[in-house]
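Following: one structure in structure tokens, then a few remarks.
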Amino acid sequence: MATGTDFFDQATIVVRAGNGGNGAATFRREKYVPRGGPNGGDGGRGGHVYLIADPEYNTLLHFRYQRKFVAENGGHGGKNAMHGRNGADVYVPVPPGTVVRATINGVTYTVDLARPGQRLLAARGGRGGLGNIHFTTPTRQAPRLAELGEPGQELTLELELKMLADVGLVGFPNAGKSTLLSVISAARPKIAAYPFTTLTPNLGIVEVGVQRFVVADIPGLIEGAHAGVGLGHDFLRHIERTRLLIHIIDAAGVDGRTPWDDYEQINTELRLYQPELAQRKQVVALNKADLPAAQANLPILRERLPVAPEDLFVISAATRAGIEPLLQRVAELLRADPPPQRDPVDPDEPPLEWPLPPVDENAFTVEREGDAFRVRGVKIERLIAMSNLEQDEAIDRIQRVLEASGINEALMAAGVQDGDVVRIGRAELVWDDSGQHAL
């Protein structure tokens with residue numbers, strides 16, 4: 001039985017990884033050891049958020065009902081050097097063929113989840129904070145210093161499903177694509193006599209004997225679509241992964257256009273958008289043959305269209321005339337061009353990650369920010385995020401790092417003055433002439 005399905009091909013979701021657990025500042029009870037000696041354990045890692053290509057899904061419809069995915073926070077460290085529990089990871093299923101985009105530090109990155117089982121580490125869980133057991137020194141035997149957990153990553157993801165249909169129906173608006181799909185499958189697309197009735201693809205499963213294939217009624221195309229006019233790119237991006245195109249032409253010219261010009265214009269738009277699309281195998285269906293105007297145009301179309309006779313069909317989607325030979329030819333061409341096999345990913349294969357450029361974690365920048373100064377750098381901002389700014393020992397640690405890393409020197413070179421505000425991450429420090437900072 002032929003079947004149809006709704007199609008939901010774009011979605012925006014938010015993924016938030018878990019925060020790392022806090023390190024513990026605890027002490028064991030032992031005679032002659034100051035405060036019993038530190039024994040605070042480390043916090044656990046926050047849970048990651050993964051996207052996984054799941055062949056059980058063929059649209060992004062499930063994101064209409066849930067758009068935010070949050071992983072578990074890591075557990076806090078405990079006494080006796082007990083390590084906090086790692087937060088549970090979250091796996092978000094998407095259909096194979098989903099393209100994922102995220103903007104990180106002002107740059108947009110793209111990952112393609114094409115193969116079943118492929119995973120993307122979409123949001124990384126925060127590191128657990130170190131317990132006070134790590135901060136003993138010869139001069140500080142009983143530190144109360146412990147780190148906070150690192151915040152988990154939070155990103156907004158743009159998802160786009162590049163359709164995996166076998167056959168795409170292309171043509172001008174109102175050429176009869178939706179009517180044809182409703183005839184050859186159980187899909188029930190919206191059909192009406194005005195342009196852009198189809199705003200999103202409709203999928204239908206077609207059976208020819210024992211052979212089954214997926215046909216997509218793709219939004220209608222107009223002149224300038226390659227530049228985004230009309231539904232433009234929303235039309236063209238859907239056909240990139242189809243193996244075969246059925247090019248439907250209104251042979252009667254009901255909308256006042258000439259059918260042979262329609263044929264040329266569609267192929268021009270395909271070529272301008274992506275040259276290889278114009279080379280993709282097509283069969284041409286001259287539709288609306290039940291109308292007298294179509295019958296008058298057929299001899300001209302047969303003469304003018306550069307289409308082999310075996311790939312040119314006269315049909316009427318309204319009366320179903322000529323449909324069967326068309327489908328037989330489509331099935332034959334698909335058998336001759338089987339889809340590439342996408343083997344499932346080995347479960348032990350590491351997940352994909354955002355293709356971020358290498359970063360020097362020790363690097364930093366100092367710049368004016370209004371009347372204040374802003375310090376940016378991976379390592380120093382992480383230190384601020386994982387420090388309890390109400391602890392004197394944490395502030396002392398920050399001061400030592402600012403001095404040792406050269407940030408203090410860079411601030412003085414930038415012209416910092418007594419009383420100026422210095423912002424690092426969430427912290428606002430005030431410069432004094434001795435080179436020290438205070439909250």
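Backbone N, Cα and C define each Cβ position, glycine as well.
Features reported for this protein in Swiss-Prot:
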BINDING   171-178, 196-200, 217-220, 287-290, 316-318  GTP binding site
BINDING   Ser178, Thr198  Mg(2+) binding site
DOMAIN    5-164  domain 'Obg'
DOMAIN    165-335  domain 'OBG-type G'
DOMAIN    356-433  domain 'OCT'
REGION    337-359  region 'Disordered'
Quick check: in three-state DSSP terms, what is Ser316 (GTP binding site)?
strand
Using DSSP, what is the helix/strand/coil residue split across the domain 'OCT' (356-433)?
29 helix, 19 strand, 30 coil
Remote residues contacting the region 'Disordered' (337-359) - C-beta distance under 8 A, at least 6 residues beyond either end:
50, 53, 96, 102, 104, 109, 111, 113-121, 166, 243-244, 281, 378
Largest tally of Cβ atoms lying within 10 Å of a Cβ, found at which of the binding-site residues Asn174, Ser178
Ser178
What three-state class does DSSP give Asn174 (GTP binding site)?
coil
How big is the Cα-to-Cα gap, in Å, between Lys288 (GTP binding site) and Ser178 (Mg(2+) binding site)?
13
Quick tally, other C-beta within 10 angstroms, Lys177, Lys288; top of the binding-site residues is Lys177
If you average pLDDT over the domain 'OBG-type G' (165-335), what do you get?
80
Per DSSP, three-state class assigned to Lys288 (GTP binding site):
coil
